[in-house]
Each structure stands twice: as structure tokens, then as C-alpha cells.
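Undergrad: Structure incoming, see below.
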């Protein structure tokens, strides 16, 4: 990896276990700032778990234990005394299946803002609008801001969830197969959105869609069986992978 | 999009701290609420124990400063020796009411007579046949018993009982454990059946009439005692010597209660022999309360047994059908309806059982007995005929509708049984089965265990059914499907796969039902005779722990022996159900794990 | 052939279906029995006149029965007492039951502690109600009430104010009794809320308390209402434990007053269940009052069934709402 990119996140010898099953083994990598990094790999290779370990979401699941360090701007997020709520504000996450709260569109976006103590209606309006605009959803929902978010289409819901996540100005945005449950048009919209977002945020995306990884990401990591097989610039990965396994996977020979 | 145009929502430190505090506070609050459940259960146990414990605390006594006092001898004239009695009146004991007088000579010759009609002895006999020397004699409170102490240290209790002809006489009820020295004084407590003895070697002993073992012993140096007296509240025992009054403060609040009086058969005054008796109140003054928990415990178990006999098979069979043979829709509907049974308040069930069911069953006993046999047979008959009916009928009655058909069928059969039984009754037994039973010496009480079995069974069914249905339904589908794929019939799949797997769960269901039956109150209170008898006769009544509590606790004086014994009953109920429910829950937790592994 | 028939199992299945049919018959029979004995009670058979005026009279009789005082043969004090005791109970039991359910479902980690608490919940549900009554009398009335009297009502001693059975102790005892009902039903509701929603909330940087306050509890509110209705239905029919703690067969005055605090917490009350027990079995003129007891039973059962039905409906709607449950990976 070239040295001129600053690393937003640095993973050092990270291992993760669910109950008695090892999910990640000794992962080390540096996620560059203001870039899109994609994690690819076969199902169950641990790419989602790795993503979730960046804002400590794994510990909300039963029986997990983490070893190693993850540095955000040089500070270990697994250190004792780290405020997890604040960490998650800085490192947002969007899941595979859209999960809007059963509230109105407006309230969904304002939810995180209210948690941050923002109460003035004017400021809230302003921030909600800007977040929805950034998520390229504003034009579609401006007339039904106060209707239930559950009635939006799948693609709209997912963009709403992204808007909700970026409303609180995270520094890193983690996307866990954000488009896999969506139709092609919605997928395209989400991909365009990611492209816009990378100017402000560091994006990490998990995908099992090779074309998507090739299209949107700057860097790609290939994981297999809980191990990091290869991590490099996307162009290099897809044209000239250094590992045999990577090549096999990318060309569809397994996985 | 210009990032600087927005106010970056970075939280102020203060807000962060406040949120953190709220979070911790909330967690603490929740944890307290969660553990409060355990605390409450613990509080129940601890509180009941704390009320029960004083019953079993030993008696304590301590000597007080002796007082100087000249003893005023009770110079009552010795009564005239009754005509025809050969003895010498060395001892004379008059009962408190003055109705009876007992004379005895040192060699044990005794005469019981009534001063009101001094026409000779009512009873003339020898207190001892071993040549022992009588050294003391006293009546107990309420004139029902006499105590006799001997030179050898022996101590006897005699009860005043009526013989077959109705003549009153004293009978030896129990021989208390002998003391090392002669018993020279006996004092009876006031208002209750305790007494104290003083031996020649200065040993004091405190007894209760229903228990043989002394409650308290104390070695004194007094050898010149002339009398032994209890204070009016029984808290001070005085030994008089010629110049002194030696006093002993006693703390003996519950002499009536011991392990023995609660659980063993005890020979009480007025009874022909040892028995298990629960009798806590009477109009008569100086009444001796009798606290045997055995009739109540057996009553509770009897009621629970008959209720389970009815409810457990019914509920489990119903659960097998709904869980294993019904599609989701009808299953949910039928489940809801059966669980509706639990919504009937037991006070209503008890009321109907008492005022309607009891007389109806008394009059139609034969019909009920007949029905128990005929109803299952009639269902089998329907099952046999069913495949021979036209296809279109069969199709119409599938997916839950056969239950409706069976309901109609059962109503028809039941009506038929009642009509036939009515005819049979008058044909077989000239005056009906009920009177026939009487003639055969089988006692039939209108409010009996049969009624309880049905009414309480009704109350218990939904609880058992709900759990049984759940555990059967949760058996992983792929297992039964596998069996079906191998050519088993649906029933074989259930018997070979589901039932063995779910068997612990069914036991848990039965345990929960048992716990419910043991703890049920209103049905038992209203529809049993509430007579504390001990038998397992289906046609006789009973009295349960719960009904006893309901009837007696409000009337018992706080802190009295009666009050505390009722707490023993409550503790007993709590323990019964604790064991049943804990076992059931542990079984269910294990079963859930097992299902997850499969 | 017969042996083969039995081995295949058809007759056994039919017998099991028979058990279902018998259970349903018992429920239906009991309901029909009560209806038959209670609906006709107030029908003016011996009066002349056309059926319209008879119906009017019939309804009037019902009204008099429902609104009359005990002296007039009515059951208004019993209805009021029942309603008051269950409402007060609801106020007491809901917060604790909901929080305990939240603990069980959201906070406790699978392990011995959780197992212990679950055992305790099921045990508490199985404790004979009369034992709660004994506890209520000894602990609440004598101990708590006595202490309150000693602290605040010194002047009126030895006449007890709170140290004697009364409404507040009735409700407290009922709250203990129904706590497991609330916990179990609320927990069921919590289990129905998709994990996705919680994760989404955490992802926005919410603390656990915020997730529960802002997402979980609002979503679980139908379950809480269900739980409460089941608890009320259970409590409304309870008699045995309440005999000790403040429900009596007749009361001289209603526990309401026109002055603050309006509700006399220390006053004894009467309830429908008690009314049925007392006038059905205890009273010397049981034969004459029997029809009226059936009418009271109908009122009580209607109340309880309506609550159960509402709870059932709510639960069903809740299940539908989250019909497609989803959990992250």
C-alpha cells in the first residue's frame, strides 16, 4: 500500500470468536481516509464481522470475544474507558436489510440528532434536510416527511437509513452489503451515493458482488476463512492479484 | 455540499456525561427490578419461616431472686372416705370445677367420685400394679386428666373417658419417661395443658400433656419444698419451701406445638386412643386445641390426586391432538378456546360445583360411572364407522371440523347415557344407587372428592394443556417428517418421535398442574365438606390446607400457636409448589436446550 | 384386524380428538349454564303486559341490580370495589413487571443468574394465591401497615388506620400475585420486536437506556397493554387471598370520598368474587339468593372475558405486525 494515504482505521492483529467458533484470525490492515474500501470473500468468511468490529457492534451479539486492536485516528477503540455510544456516532453503520424505525421519515433522520442533544426545531429541520439531500432522497420524500418510513420502497428505505447515519456526521461509514436486498436501479442509486459520500467520509463496504466492488471501491480486501488473504488497490486486485486464491475467487472459480 | 455550512453535531462533554449517567442509572434500576422477583420469592420464604420459627424454639427458664414468705398450707379437710373403698386417703385431688374428686392411698388404691352425689366410688381401682408408692397426684386444667407421680420417678397420665355404658372412668393414657427421683409435687398450668413436676432431688421439669418429653428441665437445690404453683399467666413457676418462695421465670409461648403434635398421632383428652386430629376452636372454655397437620395435608393431596386423575389425561390427550394433528389455523382457535377455561374464576367454579354439580351427581351417580366407560367406546365406534361413510362427508369434516362432529356426538351419547342410566338405576337398585351405597355401608357425602376432582380438574386442565401443547408443538418438524418419509403413520410418528422427545415436558406440564391443584382454594373451600378426615375415599369430603387457611387465619390471634401453625400450613403449601414448579421449570429449560441441539 | 387398526393409530387419534371435544364441551357447557341461569333472572314472568314493556322492565331490573347498593340487593359496591382494586393493582404492578421483563430479555446474559430468575418467575406464578394472602396479612397489613400507623397515625392508636386490612393491601397483594403474568406477557412482546431495530438504534450512537426508552418500550406497548389485561383478568376473579387483606362481604361505605385524596386507601372493600362466595355459600338464605349469584357471576365473567378477548386480539395484531421477523446475520 502506498504510504502517502493516511490511515483512518488501523487493524492490528485482530481476532474474533463467537462462542467457541473462531471468526477472524489475526487480521492486520490499514483503512485509508476518504476512500472506499471494499471487503469481498465467500459467505461466512468473516467480512461482516470484521466490519462490525470497527464500531464494536459485535459485542451486541451473544458471546463474542475480541483480541487485538483497532485504532481510529490512532486511538484504540477497544481500550477500557472508550465511550461506545460516542464511538458509534463517529463510526456509523448501515446493514444489509433496511431497518427504518417505525416512525416518520423526518423522525428517523432526526433520531440520532436528538440523541446528540439537538432540540431546536429550526436546526433539526436544517440538518434533516441536508442529510436527506446528501443521501439523494430529499426530492423523493420532501412531500411526505411526516409519513411513516415503513411505507417507503426498499431502495428508499436503505437511503433513508444512510441519511439517518450521516445526519450525525460520522467520520467513517460502514456499509454491510447495503444493496444486496435491492433492485438494480436502487443499487445504482446507492452506488452513486457512495461515490458522492467518499469526499466527506471514509467508507468501508462489504459486498459479495464483484462488479460492485470493482466499480465503486478504491481498495479491496479479500477475506477467506477468517483470514485476510490480500489487500490492495482495487485496480491491482482485479487485474493482477498476487494470491492464487484471490484470482480463483474473482474469476468465479470458487465461492 | 459544503460540510462547513453545517453545525457539526459534536456532543458537548456535559451531555455525554449525562447520557452516560442515565444509562448507568437505568441499568441499575432494571437490575433491581429483575432481581426483585428473586427477592420476592425469598421474602415469602423468609417471612413465613420467621413466623414459624418461634414454634420450634425451645423453652427457656431462669431462676429469679427468692422471696421470703411463709407458706400458707391449704388445710382443706380430707374428705370422707367413700363407703366400700378399702384404701386410706393419703392423697386427695379435687378437680378445678369441683365436679370430681380423686382419692388415693400410697399403695395406689384409688377412688373417683363425684362430691355432688357421694354414693360411693364411680370407679375404684389400683393406679399402679407394680407395688410402687404414690407420691403426688394432680388434676390437669379442664378436669379431663389426672397426673400421678411415684416414688420410683414414674409419671402417669390418666384420661377421664366414658366407657361403653357411658360411665365415666379414668384410663391410663400414657406413661411418661421416668425421672431419677421420686416425684413429690405436680403443678398444672392455668388454661392450658402444661404441668410441672418437682422431684425429691430438686429437679424441676416442665411438660405438655400431649408430648411425653419434658420441654424444660432445671436442677435446683430445693429439698424442702412444700408446694409447686404456676402464676396466673403461666410465666412464673414458684416452689414454696417453709420460709421461701423460689421463683422461676419461664418463656414457653407454644407448648402445644412440636414436631410430634403436628405430624404424629397423639392421644388427646376425651379421645379413645391416639389419632390425627385438627381441632382448633371450640365454644368451651379451657379447650385443648389439636394441631395435627396430617388430615389437612392428606386432604390437599387427595383433592389434587383426584383432580389430576381427571385433568392430566384429558389435557395431555387434547394437547397431543392439537399440537400434532391440527393445521395452524384450527389449532390456534381451539387452543384459545381451551385456554379460556383458565379465565373462569375459581369462585364461580366452586359455587357451581357446590350448589349444582354436587346434587346432580348425587342423583345421577350411575350415569356418571356409566358415561366414563361408554364415552370413549362411543368415540371408538365413531372412528370405526368413519372410513365407511361417503367420501364427501369425510372431506367436509377435516382440519378441525371433526372436533365439532365429536362434540355433537358426545352430547348425543351423553344424553343417551343419562336416559339409560335412569332406567338402569331403578331396575338394578330398587331405591337407586345412592341409597344402595348407603345400605352397603359405603358412606356418600354430597360434597365429596369426586366433585372436587371434576371441578378442580376443570380449573387445572388449561394450565397443563398450554404447556403440553407447547412442548409437543416445538418438537422439530424435520424429525417427524423424517419418520413419515420412512412410511410411519402419523400416529406412529407421534408415538415414536414426538412423545418420547417431549415426555419430560409433559411431566413438567403435569407438575405445574399439580402445583396449581395443591394451591387451589376457593373450589375446595366451597365444594368440600371441610371436615378434616383422613382417607382417600372418593365419595367422602376432605379439608385442605388452603381452605383451612382461608377459614381460620382471620380469626386466629396474631402470634398465637394457632396463628403460627397456620403459617406452617402456608409454608408447607409454598414448599410443595416450589418443588413442583422448580422441577417443572428446570425440565423445560433442559428440554428447550435439547430442542435447539436437534 | 382390530389389532392392526389400533397399531396404525387411527382410534388413538380419535380418542385424542375426543379429549379436545370434551374440553371444548366443558367450556361451552359451563358458559351456557351460567348464561341460562343468569339471563332469565330479571325477566318479569308473572306480570301481565306485552313483551316490549316486559323488556323495558327487564333492562330496568338489570340496571337496578348493577347500580344498587347492597341494601337494595344490588352489586354496585362489589363492582366498584373490584374495579378499584384492579386499577390500583395495575398502577403498582406495571412498572415493576415491565422493568423486570426488560431485564430478562434485554439485559440478562444467558447463564445461571438468568436461569435462576426465570425459575423464580415461574415459581412466583405457581405460588398458591392463598399464600400471597397470608404474606399480605402478615407482612403488609401487620408489619408495613403497623409501621405506618406507628409513624404517622400515632394519635389514633390503638385504633389502627393502615394496620388493618384495606384497599391498598388488597391491591399490593394482587400486584404480587400478577407480577409474573405481566413479566411473561411483556417478555413475549419484547421477543417479538426485530433485533434489527435495536441494532439500528445502537448504530446511531444510542446508549442501551436510550435504545430501550425510545425504540423498545414504545414498540412493546401493545404487549404491555396485553400483559396488563391478562393481569387484571386474573386479579378480578381472585377471592381467597383477599379475604385476609381487606375484601369483606359488605362494606358500610364506599372507598371514595368527595374530598382530597378522594380514594380511601385504608378502607375495606367488597368485590364481585367475594359477593359470589358469600351469598352463594356462606349466607343462610343461599337458596333465595342463588339466582342473583348467577347474575353476579355473569357480570364477573363478562368482565374477565372481555379483558381476555381484548388481550388476545392485541397479541394477534402484534404478531401480525412483526410477522416477518428478521435478525441480522
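For all residues, glycine too, the Cβ spot is worked out from N, Cα and C.
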Undergrad: Looking at B:365-386, B:475-496, B:541-562, I want to know which stretch TrEMBL calls transmembrane segment.
TA: B:365-386
Undergrad: At a C-beta cut-off of under 8 Å, are there same-chain residues at least 6 beyond the transmembrane segment (B:303-328) that contact it? List them, or none.
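TA: The answer is 334-335, 338, 399-400, 449-450, 452-454, 456-462, 464-465, 468-470, 472-473, 480, 490, 494, 498-499, 506, 509-510, 513-514, 517-518, 520, 524, 528, 536, 538, 542, 544.
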Undergrad: For the transmembrane segment (B:340-359), which recorded stretch in the set B:25-49, B:365-386, B:449-468, B:506-527, B:565-587 gives the largest number of Cβ pairs separated by under 8 Å?
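TA: It is B:449-468 that shares the most Cβ pairs under 8 Å with the transmembrane segment (B:340-359).
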Undergrad: Could you tell me what the rest of the chain brings near the transmembrane segment (B:449-468), counting residues at least six beyond its ends with Cβ under 8 Å?
TA: 302-304, 306-312, 314-316, 318-320, 323, 335, 338-342, 344, 346, 349-350, 352-354, 357-358, 361, 368, 502, 505-506, 508-510, 512-513, 516-517, 520, 523-524, 527-528, 536-542, 584, 588
